[in-house]
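> Handing you a structure now.
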Amino acid sequence: MSGINKIVLAYSGGLDTSAIIPWLKENYDAEIIAFVADVGQERDDLEGIEQKAIASGATKCIVKDLREEFVKEYVYPTLKTGAVYEGTYLLGTSMARPVIAKAMVEAALAEGADAISHGCTGKGNDQVRFEGAVAALAPQLKVIAPWRLWDMRSREDLLAYLETRNIPCKATLKKIYSRDANAWHISTEGGELESTWNEPSEAVWQWTVPAEQAPDQPEYVKLTVAQGEVVAVDDQPLSPHQILTTLNERAGKHGVGRIDITENRMVGMKSRGCYETPGGTVMVAALRAVEELVLDRPTRAWREKLGAEFSHLVYDGRWFTPLCKAIVASANAIAEDLDGEVVLKMYKGQVTAVQKKSPNSLYSEDFATFGADEVYDQSHAEGFIRLYTLASRIRAMKEQHQAIGGDHTHG
């Protein structure tokens, strides 16, 4: 196609992108470069991926290790805001898209590409996230979205397309799931999940065991938090990615972090997905425990507002925006005092903070005790209550006055 000489494809080796390489070769007179982002997905997914991309028709395959950058620069800032989409979704796929798109744009510019391509469907959120990032970072790049162009409409069509071209793929007609994994989570959609009346089979879950099959004894883990970031597990300092992978393994064995939700997509439809975020669920519990100790009431309320707004920004693909930067800056300021240690209990699908302390804690046992104390004069509460309820008292007095025929105009 005129004006396009080199295309960088976001390549996973999965069903969609396995079909896109030959499709691009057949429909565009351009060089195809496969770009693989390692954000902590299953190691099996990366094994032999360069050879597979070349065999599928790519002239080159770039594999970029983004694991530490993903957790440090995208997961941790999101955790500080407290963002949770629609009350349950910890934004695993949403957070990964901007780091992938940014690295992909950098690769496209370095390779002198004219366009990028992705395997996102025309029904999903990811097309908006990828293309929104490109628009913000390199608007001169063209975007090719095969799912919005070709005549294939189902995963079955793609399997047939690949079979005629002798291109291998793990997906089968018997087990058709759409999965997305990174260091933070793994999501599963499709198959029996397309009916909300179907209970997910155990084949859906990859990282976690059923709660009823989890160990009968709880496991405890101690997390150290510094300025709103988890920096150590059981007093052992680790990198952000190492911390997450460690917690994924330990929490997954106890069935922690499973959710089955039906969410509102950006494009207007609802979708159902089963998400597993074992380590992330533990980290969130630890950070909330430290917040409970450190943040005063108005600061915590503000942080909750930040989280609500940020969850939509991340979900909607608006990471590279001024508002996103402003919210992250505000969350970082709040997190400056979020230092502490938390012991969490993992048991039968649940995680609970059972011990917590912070050098910046506003909790005082002397003030909070239900026993005798020497620091709090309870008579002081009377004056506070009179001022706190003053507006209510004035309103009630005026209503009483009006009810007996008093002056309705006097202010």
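Positions of Cβ are set from backbone N, Cα and C atoms, glycine also.
Found this in Swiss-Prot, in case it helps:
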BINDING   Ala10, Tyr11, Ser12, Gly13, Gly14, Leu15, Asp16, Thr17, Ser18, Ala37, Gly119  ATP binding site
BINDING   Tyr89, Ser94, Asn125, Arg129, Ser178, Ser187, Glu263, Tyr275  L-citrulline binding site
BINDING   Thr121, Asn125, Asp126  L-aspartate binding site
> Within 10 Å of each Cβ, count the other Cβ atoms and name the one among the binding-site residues Tyr89, Tyr275 with the highest count.
Tyr275
> For Arg129 (L-citrulline binding site), name the DSSP secondary structure in the helix/strand/coil scheme.
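For Arg129 (L-citrulline binding site) - judged by DSSP and reduced to three states - the answer is helix.
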> Compare the Cα of Ser94 (L-citrulline binding site) against each of the binding-site residues Ser12, Gly14, Ser18, Thr121, Asp126 and report the nearest.
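Sorting the binding-site residues by distance from Ser94 (L-citrulline binding site), the top entry is Asp126.
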> Go through the binding-site residues Asp16, Ser18, Arg129, Ser178, Ser187, Glu263 and tell me which ones have a CA within 10 A of the CA of Thr121 (L-aspartate binding site).
Asp16
> Per 10 Å Cβ neighbour count, which of the binding-site residues Gly14, Gly119 ranks highest?
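Top count of Cβ atoms within 10 Å goes to Gly119.
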> Taking the Cβ of Ser178 (L-citrulline binding site) as the reference point, list residues of the same chain whose Cβ is under 8 angstroms away and which are at least six residues distant in sequence.
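Sequence-distant Cβ neighbours: Arg155, Thr188, Glu189, Gly190.
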> Quick one, of the binding-site residues Asp16, Asp126, Glu263, which Cβ has the fewest other Cβ within 10 Å?
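Relative to the other binding-site residues in Asp16, Asp126, Glu263, Glu263 has the fewest Cβ atoms within 10 Å.
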> Using C-alpha atoms only, work out the spacing between Gly14 (ATP binding site) and Arg129 (L-citrulline binding site) and round it to an integer in Å.
19
> Spatially, which candidate from the binding-site residues Asp16, Gly119, Asp126 is nearest to Glu263 (L-citrulline binding site), comparing Cα atoms?
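In terms of Cα distance, Glu263 (L-citrulline binding site) lies closest to Asp126.
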> Other than Thr121, Asn125, Asp126, which residues of the chain come within 8 Å of the L-aspartate site, judged by Cβ distance to the Cβ centroid of those residues?
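Going along the sequence, the neighbours appear as Cys120, Lys123, Gly124, Gln127, Val128, Arg129, Arg265.
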> Given the binding-site residues Asp126, Arg129, Ser187, Tyr275, which lie close to Gly119 (ATP binding site), meaning Cα to Cα within 10 A?
Asp126
